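One structure below.
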C-alpha cells in the first residue's frame, strides 16, 4: 500500500507547480522532483552490436491507447528507470535504482504498408545555412550521431538523444561501441587561414568534427518494454563524451502541460536524412499528450529522431527568458483513430522522474537535481 501511495505522489509531482503571477508571459513552473539513486550495479556480458540502426520507431498505439493503459506499479517504475551503461571498451553494466520523495523543505492498426512520409501538407521545415546561424545558440546545440540520428548538447560533456539510436530494444546497434558525435564546423578554403572570403550568395560549406563517446546510459524501460509499447515512454539515452565540447548547451527541464506551452508549440532541429549535411529547424502545435508523450505533426524525416524538443519561457527566479529541452523527438506513429488511419510524430516528455534520472546521470549528485 505504501508503494502505491508513493507511486501516486510520483505521478502527481508534475501537477505540483507554483502558479505564475506574470500572466502576460509564459513562465517556467517550479516542480518538486523525486530522487533517483543507484542501489546496485551488476556486470553483464559484452553485447554483440549486431542490430541495424533504425532511424524511426513505428507504433500502432496512439494517444487513446496509451491513456487507457494501466498505471505502472511502484516496482515497475523502479524497473523501467533502472538502466544499462555501455562503455567504449565494450563492457556493459546494469544498475538498479531506488526512488525517493523528499519533503518540500529538503529542497491502432497499421493497415497497408506504405512509406511514412512524416510530412503534413506543405513542408514547413527550414534548412539552416551559414556559420552565423549554425554556430550560434540554439542551433549550435544540435549534433549528429554516427549511427545517423540527432542529439542535443545538455552539459559540458553530455548529449541527449533517443534510445533507439543506440539500441533496438533487443540488441545494441552496429557502431554503438565506437559511437561518435559530430559537430558542424566551417570548411576552410585552401590557403584562406580562416579569412572571411565566402561568397555571400552561396551558403558556407560545413563539415563535421567528431568526438568519441565514453559511455552511454539507456533506461531498462526501453530495453524491456519496446515489444509492447511501454518502451515508447522511455525512448531516450544520454551519451558522455570523452572530452568537453566547449559549446554552449541547453538545459533540460520538466515538460509542462501542453496548454502551458507558449502558443501550444514546440521547436526542434535535426539532421533529417532527406537533406544531407543540413541542419533542419521546425516548430508546430502539440495535438495531444499523455503523461509520457507529446503527439504533434511537426514535419520530420528519419535522422531527426533524438532531437531535443524545446520551448522558450520566462524564468522568474533569474528574471530572464530561457530555453529548455522538455522532450526527445522519437519518431513516427501510424495510429488507427476509430477506424481512420492517422499519422503522428511523437516526442518523449521529460517527466519529473525522467528529469531526476537524466540529471543524476549528468551531475552524479541528486542535490543538484532538486528542481526541474
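Residue numbering: from 1, along the chain as shown.
Placed from the backbone N, Cα and C atoms, the Cβ positions cover glycine too.
Automated prediction, rather than curation, is the source of TrEMBL annotations.
Annotated features in TrEMBL:
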type	residues	note
DOMAIN	137-278	domain 'Peptidase S1'
SIGNAL	1-19	signal peptide
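In the predicted model, the domain 'Peptidase S1' (137-278) has a mean pLDDT of 85. Under DSSP, residues within the domain 'Peptidase S1' (137-278) fall into helix, strand and coil as 26 helix, 49 strand, 67 coil.
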